[in-house]
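Encoded as structure tokens, the structure appears first; notes follow it.
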Amino acid sequence: MEGVGAVRFWLVVCGCLAFPPRAESVCPERCDCQHPQHLLCTNRGLRAVPKTSSLPSPQDVLTYSLGGNFITNITAFDFHRLGQLRRLDLQYNQIRSLHPKTFEKLSRLEELYLGNNLLQALVPGTLAPLRKLRILYANGNEIGRLSRGSFEGLESLVKLRLDGNVLGALPDAVFAPLGNLLYLHLESNRIRFLGKNAFSQLGKLRFLNLSANELQPSLRHAATFVPLRSLSTLILSANSLQHLGPRVFQHLPRLGLLSLSGNQLTHLAPEAFWGLEALRELRLEGNRLNQLPLTLLEPLHSLEALDLSGNELSALHPATFGHQGRLRELSLRDNALSALSGDIFAASPALYRLDLDGNGWTCDCRLRGLKRWMGNWHSQGRLLTVFVQCRHPPALRGKYLDYLDDQLLQNGSCVDPSPSPTAGSRQWPLPTSSEEGMTPPAGLSQELPLQPQPQPQQRGRLLPGVAWGGAAKELVGNRSALRLSRRGPGPHQGPSAAAPGSAPQSLDLHEKPGRGRHTRANLSQTEPTPTSEPASGTPSARDSWQRAAKQRLASEQQESAVQSVSGVGLPPLVSDPCDFNKFILCNLTVEAVSANSASVRWAVREHRSPRPQGGARFRLLFDRFGQQPKFQRFVYLPERSDSATLHELRGDTPYLVCVEGVLGGRVCPVAPRDHCAGLVTLPEAGGRGGVDYQLLTLVLLAVNALLVLLALAAWGSRWLRRKLRARRKGGAPVHVRHMYSTRRPLRSMGTGVSADFSGFQSHRPRTTVCALSEADLIEFPCDRFMDSTGGGTSGSLRREDHLLQRFAD
């Protein structure tokens, strides 16, 4: 057996030698090495680069993070054992210098972050070993000068950040070694001068940011940007530019975004943007422009967004945006504009976002064309809400143009800046019946139409159930019909406000086709006969005819205003779903409820819908009350629906039902809280009834009360038991208290000792027989018994003295 045990022992020893314990990796002090390829030493309070000699395999480290420490110097041996390193982060330290051989062994490094340190220069040759470097961050340092050797060897560099330094100039060919550079950040420096060849060899550059520098007041030399054939984004904002020379960007055929905001530009050459056919976004906000040359935007055929806010523009030529057919967003807010032509945006059919707020608008006849264009575009759903708030005249201060009545725009002696219609489409008003002797000038009777034709975009669809008379059908094209807005209804002018002297200067009936109310009947009455002699040969006759026409038009406008105030006219034209929910949709009621279905009905006020959008549809939203998230179920209903029945509902369950309008496939982003109704389905017949929550609540309350009573009873019984036990201990019989009284002599008490301990067994241990305690008086006879049996007289006397001292009064 001993031989077998020895054999087993040696086998165990050999097994332990064959499989030695794996050596644990030793991580540098204050660092984290949980991932074998990532050495994390960020925000550890380090003042020097930790030694990596303790790492078992430093060649496996691919990422080394040292950001957020207090490192001031990088030596030549800090990274010499990390030959496979791909990413090195040294940001937010206090590095002042780099040893020329710091990166000598990091030939595979792809990302180097040196931002937010105290570097004052990039010594030529320091970065040369980094042949595979693709990203270099040197932002937030104190670099004041660059040389061509600073980036020698960085042929693979794609992104370079030098922003937040103190660079004062860019020498020629400073970025020449960076042939593959795509992104260059030079913002927030002190660059005053751009060399003629500063960006040479950067033919692949796509992004260049030169904002927040101190560039010279005039940017005139186009040769600076000649090498940047692939540039798509150029940011020159927040400089001190005051003037742009002609064709300064002509060598940037792929430029898509140009930002010149926050400068001091007061003048732009008419050919400043020549050659920018691909430009999609132009930002000129925050300058001092007071006018735009007519041909300034002509080359920008692809322009989609233009920001001219925060300038000093007081007027714009009607043809300023005549070549911007793709323009979608335009901001003219916070300028000094008082009027705009109605045709200034006619060449931009894609325009849907227009900001005109913050100008000093004068609401008179010069804004009639703009109001008409806004109404047409908004009715077709092609334009978001435009806020044009009147500042002048004082009577209209604070009012919004889009809901002002045309009668309120007759003030002042002004001429509509919108171009007059062509001769073929011009329509003249006719004199009254009392002035039959006056005839229009020769040739005008043949141009007079029989009936005013409404514009195609104004012909709306009428909902069923709305009665429309013949006169209303002829007035479908009324441009001045009420249009609802989120700001509520606009002011109306009484009939007394329309006077013959306030008639408009223009005689074009297309401006207010609904005011004249010309029908075939009254046109036939006022049309001059062919036998009438024309009186238009002399200027006096022509002037008298025009005065009569103005009086006739004023009277018709007065009559139309009276009718509009009295409620006679067309229903409102609604294209916004939020306005539809607020003003048109009403009275959602629950008609019938069963165990598994419910019927709801709603009402729709009279209105018109634009032709491109079609009639209003409805969306019904319903869900069990209190469920999160709300409205998991909704149903789209067809046009002309005013009721719906919900099926497959759960019996005896509360539901919340809401309805909202759908116009042109769009719904209001605001929840339809104003058109909701609650219902509770009936219990299912013959089925098991649902839970009675009231009864369940009462039962639970009763059970809780019973539990509280039981707890109180248990506590009371325990307290009562304690009281009784204490009373029993304190109320012993008189003869017992008299027996153990300390006032009696000890001799009289010794007579009962033999009787009390007559059953004493001498073979039991002494400690078992008498468990002594100094706090118990019953120990006394037991002590005397033990002393009397083996102690003698002297022991008894000593104990008596002790007890006398202890129990003396």
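Including glycine, each Cβ sits where the backbone N, Cα and C put it.
Features of the protein shown, as given by Swiss-Prot:
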COMPBIAS  421-436  compositional bias 'Polar residues'
COMPBIAS  488-506  compositional bias 'Low complexity'
COMPBIAS  521-543  compositional bias 'Polar residues'
COMPBIAS  554-563  compositional bias 'Low complexity'
CARBOHYD  Asn73  N-linked glycosylation site
CARBOHYD  Asn411  N-linked glycosylation site
CARBOHYD  Asn587  N-linked glycosylation site
REPEAT    61-81  repeat 'LRR 1'
REPEAT    230-251  repeat 'LRR 8'
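Each residue contributes its Cα atom, and for Asn73 (N-linked glycosylation site) and Asn587 (N-linked glycosylation site) those atoms are 77 Å apart.
Packing against the repeat 'LRR 8' (230-251) from elsewhere in the chain are residues 187, 203-222, 257-276, 283: each is 6 or more residues past its ends and has a CB under 8 Å from a CB in it. This prediction places the mean pLDDT of the repeat 'LRR 8' (230-251) at 93. Taken through DSSP, the repeat 'LRR 8' (230-251) splits into 0 helix, 5 strand, 17 coil.
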